[in-house]
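*Asks:* Below are the structure tokens for one structure; questions will follow.
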Amino acid sequence: MILSIESSCDDSSIAITDIATKKLVYHKKISQEKEHSCYGGVVPELASRLHAVALPAILKETKPYFDKLKAIAVTNQPGLGVTLLEGITMAKTLAVLLDLPLIPVHHLKGHIYSLFIEKESTLPLIVLLISGGHTQVIRVENFEHMEILATSIDDSVGESFDKTAKMMGLGYPGGPLIEALALKGDENRFDLPIPLRNSPLIAFSLSGLKNAVRLKVEACGGKENMTEQDKADLSASFQKAVKLHLLQKSKKIFAQEPIKDFAIVGGASANKYIREAYEKLCQEFGKKMHVAPLAYCSDNAAMIGRYALDAYEKKQFTPPNEIDIVTTRKQQAGMLL
Ligand code: KG4
Ligand code: ZN
């Protein structure tokens with residue numbers, strides 16, 4: 001079995017995955033949403049200290065599996081340096097004490113492999129990854145060959161949901177709050193720009209839209225003076241603009257890509273409004289759409305363990321004294337393939 005650890009942001013999670021059957025046999029995640037909510041976003045130092053409490057508590061529950069372990073896997077990039085280090089320190093310690101190989105896992109590849117936790121893998125695939133840190137379209141040929149076809153030139157989809165919620169004083173994480181509020185709103189009330197609408201660039205951009213939301217909040221007299229209906233209408237109008245932006249750029253990619261299987265992964269892939277829009281787009285272009293079960297859309301160690309199964313097969317091990325976090329901006333933006 002492989003023990004996997006995830007601590008790249010505000011979720012402390014450990015999973016145990018069976019190598020022979022590829023089945024997930026243990027999985028637990030402790031989220032810190034409540035603790036960060038009053039700040040409207042993740043406070044790295046606080047997140048790090050919360051991991052230091054949560055990870056050992058979860059690890060204790062995995063003791064019965066210790067004598068069956070063949071490897072330790074851990075997210076080493078991209079993410080917050082101080083939180084990644086919590087998971088890595090635990091993984092290194094386990095690898096040395098139990099004399100097991102160590103598998104570093106790229107968090108975004110983990111998100112892609114979240115699709116295969118409960119299902120056979122379907123490759124090749126075109127993947128839209130929409131998380132709190134990234135917005136990318138990736139062509140996944142196989143485990144070794146992945147290519148970024150489009151990426152955000154500024155903010156990510158998840159971040160734009162979080163900031164929109166923060167501007168209206170809704171709390172954190174913004175994605176589920178905006179999605180729920182949008183159900184009660186009029187998506188045509190606020191006229192928001194569709195990012196890069198007239199640009200030939202096959203890329204994403206969310207910062208201009210975020211600024212447009214800020215101006216609408218100000219026009220309503222600030223968050224204190226917004227009515228519930230104002231907030232619902234702005235949530236719906238914002239979500240519609242994000243959807244139209246994603247669809248417009250995805251259409252261009254779909255038109256060029258012969259690969260028939262398409263998937264959406266990452267925290268924001270839990271959004272039903274966006275999922276439904278993509279289901280229609282896939283029908284239009286003759287693609288088959290895949291999503292991970294809701295439990296594995298946001299950060300979790302099960303997806304890290306699933307990726308680690310394939311890495312184990314290929315003996316992609318790193319000595320404990322050589323594993324490190326990778327946090328430079330350039331490396332975080334890319335997939336390091
Ligand atoms: O993948 P994830 O758990 O963490 C990163 O790798 O960044 O994604 C978290 C992000 C947050 O920004 C959160 O607001 C967003 O996913 N999110 C959503 C929804 N649920 C979570 N965004 C839009 N709609 C949702 N229903
Ligand atoms: Zn993530």
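Cβ atoms are placed via backbone N, Cα and C, with glycine included.
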*Asks:* Need a hand: TrEMBL gives L129, I130, S131, G132, G133, D162, G175, E179 for substrate, which of N76, N271, N300 is also on that list?
*Replies:* N271
*Asks:* Pick from D261, D299, D310: which one does TrEMBL list with H107, H111 for the same Fe cation site?
*Replies:* D299
*Asks:* May I ask you to report the DSSP-based helix, strand or coil state of G133 (substrate binding site)?
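*Replies:* Going by the DSSP assignment, G133 (substrate binding site) belongs to neither helix nor strand, so it counts as coil.
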*Asks:* When the number of other CB atoms within 10 A of each residue's CB is tallied over all shown chains, which of the binding-site residues G133, G175 has the maximum?
*Replies:* G175
*Asks:* What whole-number Å value do you get for the CA-CA distance of G175 (substrate binding site) and D299 (Fe cation binding site)?
*Replies:* 14
*Asks:* Using only the Cα atoms of L129, I130, S131, G132, G133, D162, G175, E179, N271, which the record gives as binding substrate, return the largest interatomic distance in Å, rounded to a whole number.
*Replies:* 19
*Asks:* Let me know the most crowded of the binding-site residues, choosing from H107, H111 and counting other Cβ atoms within 10 Å.
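*Replies:* Top count of Cβ atoms within 10 Å goes to H111.
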*Asks:* What's the CA-CA gap between H107 (Fe cation binding site) and N271 (substrate binding site) in angstrom, rounded?
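*Replies:* Between the Cα atoms of H107 (Fe cation binding site) and N271 (substrate binding site), the distance comes to 20 Å.
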*Asks:* Starting from H111 (Fe cation binding site), work out which of the binding-site residues listed here (L129, S131, G133, N271) have their Cα within 10 Å, and give them in sequence order.
*Replies:* L129, S131
